[in-house]
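According to Swiss-Prot:
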{"type": "SIGNAL", "residues": "1-34", "note": "signal peptide"}
{"type": "REGION", "residues": "36-57", "note": "region 'Disordered'"}
{"type": "COMPBIAS", "residues": "36-52", "note": "compositional bias 'Basic and acidic residues'"}
{"type": "DOMAIN", "residues": "57-215", "note": "domain 'Cupin type-1 1'"}
{"type": "REGION", "residues": "240-261", "note": "region 'Disordered'"}
{"type": "DOMAIN", "residues": "259-445", "note": "domain 'Cupin type-1 2'"}
{"type": "CARBOHYD", "residues": "Asn297", "note": "N-linked glycosylation site"}
{"type": "REGION", "residues": "330-368", "note": "region 'Disordered'"}
{"type": "COMPBIAS", "residues": "338-367", "note": "compositional bias 'Basic and acidic residues'"}
{"type": "BINDING", "residues": "His347, Glu352, His360", "note": "Zn(2+) binding site"}
Amino acid sequence: MAKKKTSSSMARSQLAALLISLCFLSLASNAVGWSRRGEREEEDERRRHGGEGGRPYHFGEESFRHWTRTRHGRFSVLERFPDEQVVGAAVGGYRVAVLEAAPRAFLQPSHYDADEVFYVKEGEGVIVLLREGRKESFCVREGDAMVIPAGAIVYSANTHSSKWFRVVMLLNPVSTPGHFEEYFPVGGDRPESFFSAFSDDVLQAAFNTRREELEKVFERQREGGEITTAPEEQIRELSKSCSRGGGGGSGSEWEIKPSSLTGKSPYFSNNHGKLFELTGDECRHLKKLDLQIGLANITRGSMIAPNYNTRATKLAVVLQGSGYFEMACPHVSGGGSSERREREREHGRRREEEQGEEEHGERGEKARRYHKVRAQVREGSVIVIPASHPATIVASEGESLAVVCFFVGANHDEKVFLAGRNSPLRQLDDPAKKLVFGGSAAREADRVLAAQPEQILLRGPHGRGSVSDM
């Protein structure tokens with residue numbers, strides 16, 4: 001009898017222990033779940049406020065990642081464009097990057113597996129290219145744009161004694177879309193020389209030199225890493241050989257050389273700002289890459305008239321100032337998780353409608369809805385505007401706005417301005433106006449379309465309250 005009681009007691013104890021364990025496991029699971037939910041909520045909050053992932057078609061400074069960062073300079077690369085955030089924009093294979101070099105900084109020789117198009121935001125420097133069996137040395141300064149072909153070995157330096165050298169660049173990877181690498185022939189621990197990946201036998205045969213000598217040259221540890229500082233006399237020596245046309249160039253239309261956007265006449269200007277551009281007709285290397293570069297200097301309180309590009313997707317990087325942009329978009333309704341769910345539902349509805357049209361002829365009708373994409377922008381912001389998407393950029397009341405634009409797919413592209421003196425809507429003939437606006441409203445439409453006497457760069461929406469980041 002005692003044995004039965006003992007056995008029963010042990011069974012109850014084991015059952016109690018099991019129940020307690022299950023309770024702890026449940027609590028732990030809930031804690032993990034709460035933690036993960038909290039992380040997701042924090043992530044959603046960051047996205048709503050322009051953090052990682054940002055809002056659709058807009059990326060802030062926090063979306064950049066430092067590839068190199070020393071006291072002498074930084075090289076930062078924007079995260080890859082997520083397809084769900086730039087729907088309709090053919091830019092997934094491109095990357096945006098920013099290079100900043102301190103006074104008298106020197107950048108170690110390297111090459112990218114990507115074509116590079118850059119714009120000098122600030123300062124001056126010397127850029128040396130080693131390619132096709134020759135050396136080309138260029139003096140570049142603020143306002144210059146230039147193309148560097150993939151695979152060219154490049155080294156550069158900030159030639160100013162007190163100003164930083166800052167460059168904004170667009171990279172077009174040639175191996176893997178959206179992914180590029182930098183290769184250093186000379187290095188140590190950071191950066192590592194790519195020659196360190198080869199066997200000693202191969203290197204000794206290739207250079208006809210003993211391993212010990214090769215290590216001294218190619219794998220020597222250098223202080224400061226990829227970006228170092230150079231004595232003033234060495235910077236002067238580097239500057240002596242550089243030119244605006246590229247020493248050793250052929251002088252042909254295919255010659256690589258810097259082109260000044262701000263040194264040429266703007267293609268449009270008025271009291272509200274200036275617009276500059278460098279096209280493929282002026283730079284053959286841009287045409288080959290199907291790219292174009294533009295610069296917009298918008299006076300404070302002014303705006304670019306609502307417009308779209310017929311073929312090109314615009315990648316706009318804010319250089320200076322602040323303001324906001326708005327865009328009409330059929331793909332998304334703003335930003336955040338709720339909008340993504342709505343987008344998915346809308347996508348499902350559209351698929352059903354399209355299937356219905358295929359099955360039942362013309363009885364189905366596609367719903368056309370355009371949503372407002374809007375975000376505040378400041379120095380370092382990146383905006384993506386797909387082809388045919390009407391959009392505008394507005395400078396704040398307090399300061400002017402400078403924006404450099406890279407146009408992807410620019411060959412045969414046209415800009416269409418929808419408001420102002422050059423709006424195509426003004427060209428509607430009278431019968432069309434009566435059909436479009438209604439007979440009684442045709443005259444009123446004429447008055448509305450003719451009310452704006454200016455074009456392209458216009459007076460902004462003054463006196464309508466502050467712009468909130470919706």
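Numbers run from 1 along the shown chain.
Any Cβ shown, glycine's included, is placed from N, Cα and C.
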Q. For the domain 'Cupin type-1 1' (57-215), what is the mean per-residue pLDDT, to the nearest integer?
A. 94
**Q.** Which same-chain residues, if any, lie at least 6 apart from the residue listed as 'N-linked glycosylation site' yet have Cβ under 8 Å of it
**A.** Gly273, Lys274, Leu275, Phe276, Ser400, Leu401, Ala402
**Q.** Helix, strand or coil at Asn297 (N-linked glycosylation site) [DSSP, three-state]
**A.** strand
